[in-house]
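> Take a look at the following structure, please.
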Amino acid sequence: MTEAWGPDDDEPRRHHGPVRVRVPAKINLHLGVGPLRDDGFHELNTVYHAISLFDELTARPGDTLTLTMEGEGAGTLALDESNLIMRAARALAARTRVPAYARLHLRKSIPLAGGLAGGSADAAATLIACDLLWGTGLTREELAEVGAELGSDVPFLLHGGTALGTGHGEAVSPILARPTTWHWVLAIADGGLSTPEVYRKLDDLRAGSWPPKALSGPDELMAALRQRDPEVLGAALGNDLQAAALALRPELADVLKCGSEAGAVAGLVSGSGPTCVFLATDAAHAARVAAGLNSAGVCREAVTARGPMPGARVT
Ligand code: ATP
């Protein structure tokens with residue numbers, strides 16, 4: 001239900017609410033990390049893939065800006081101005097010169113600091129929800145510009161699907177492949193890993209090696225996606241952050257080994273970890289791999305997921 005924001009019909013329309021937005025987690029099918037740049041970022045070449053593990057953000061009209069939450073990380077995650085949801089709402093309000101008034105509620109399923117970009121996902125959901133609630137009417141490209149200031153993965157999570165990320169991940173272009181559903185298993189760890197710490201560890205591991213490691217391109221992965229064969233895709237998956245995540249959390253090697261013994265086509269650390277992700281041939285195979293990981297007790301929980309999924313969308 002909408003109503004006129006102003007008397008003029010050309011003006012944006014705001015929403016009475018509630019506006020409910022569902023947003024997926026991401027994994028990286030390829031994550032090539034170049035050397036550290038002068039601006040403190042690493043040049044990335046990545047293939048993002050949105051999967052069916054979702055957070056849900058609800059926005060209602062309010063007299064001020066408030067945030068509540070339930071689910072993963074409730075009681076741990078700060079709900080103050082440091083939260084990416086609050087920062088996203090403030091950034092959109094500043095850009096569009098509207099008062100940042102909303103009651104926001106997060107139902108969180110994406111584990112915290114898991115290498116699945118849950119915080120960026122929540123920021124993307126907030127931009128979509130508040131844009132509709134406030135009637136600010138930004139295009140997806142304009143929302144992506146606001147999002148890129150909040151986190152490198154936010155533009156992709158507005159977009160979803162499978163996409164190439166360059167720059168420090170914020171420059172996103174869709175990969176046009178014939179529609180194929182891929183089946184995944186996520187081994188969710190106890191506790192998280194700090195993304196900046198994983199990058200610092202990678203820099204340490206690379207220090208002294210000459211010539212500096214070149215940025216690995218996604219060509220093999222892109223070709224594998226077109227073949228629609230899990231074995232071919234499995235052989236092309238890769239993550240330059242994996243060695244650093246394993247150095248910080250050596251027990252992840254057991255998780256990867258266990259997934260392989262449970263019959264996964266391939267396995268790797270998701271982004272900066274510690275979540276490990278495994279490729280399966282179909283839904284039944286994914287369920288068997290998840291059961292194998294769960295019965296081995298090497299992770300907090302193994303769950304199945306499908307991809308690609310759309311980005312942040314109003315439900
Ligand atoms: P990335 O790879 O993008 O760094 P990640 O999946 O490893 O992401 P996130 O769950 O996005 O990690 O969170 C990283 C940190 O961001 C958290 O430890 C937390 O301090 C902070 N944060 C701020 N807002 C949020 C949010 N809404 N959800 C999760 N984390 C948030």
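Cβ atoms are placed via backbone N, Cα and C, with glycine included.
Computed from a predicted structure; not experimentally measured.
From TrEMBL, for reference:
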- K26: active site (ACT_SITE)
- 83-161: domain 'GHMP kinase N-terminal' (DOMAIN)
- P111, L112, A113, G114, G115, L116, A117, G118, G119, S120, A121: ATP binding site (BINDING)
- D153: active site (ACT_SITE)
- 221-297: domain 'GHMP kinase C-terminal' (DOMAIN)
> Could you say which of the binding-site residues P111, G115, G119 has its Cβ with the most other Cβ atoms inside 10 Å?
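The largest 10 Å Cβ neighbour count belongs to G115.
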> Please report how many Å separate the Cα atom of G115 (ATP binding site) from that of K26 (active site), as a whole number.
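The Cα atom of G115 (ATP binding site) is 8 Å away from the Cα atom of K26 (active site).
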> Tell me the Cβ contacts of A121 (ATP binding site) under 8 Å, same chain only and six or more apart in sequence, or just say none.
V23, P24, A25, K26, D55, I110, D153, L157, A312
> Sort A121 (ATP binding site) into helix, strand or coil using the DSSP assignment.
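In three-state terms, A121 (ATP binding site) counts as helix.
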> So which of the recorded positions K26, P111, A121 sit close to ligand 1, that is, with a CB under 6 Å from an atom of it?
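Not one meets the Cβ criterion.
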> Across the domain 'GHMP kinase N-terminal' (83-161), what is the average pLDDT of the model, as a whole number?
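Here the mean pLDDT over the domain 'GHMP kinase N-terminal' (83-161) amounts to 97.
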> Could you tell me which of these recorded positions, K26, A113, D153, has the greatest number of Cβ atoms within 10 Å of its own Cβ?
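Max Cβ neighbours within 10 Å, all protein chains included: K26.
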> By DSSP assignment, list the helix, strand and coil residue numbers for the domain 'GHMP kinase C-terminal' (221-297), in that order.
45 helix, 11 strand, 21 coil
> Around the ATP site formed by P111, L112, A113, G114, G115, L116, A117, G118, G119, S120, A121, list the extra residues of the same chain whose Cβ is within 8 Å of the site's Cβ centroid.
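Surrounding the site, in chain order, are A25, I110, G192.
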> With every protein chain in view, how many other Cβ atoms are within 10 Å of the Cβ of A117 (ATP binding site)?
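A count of 30.
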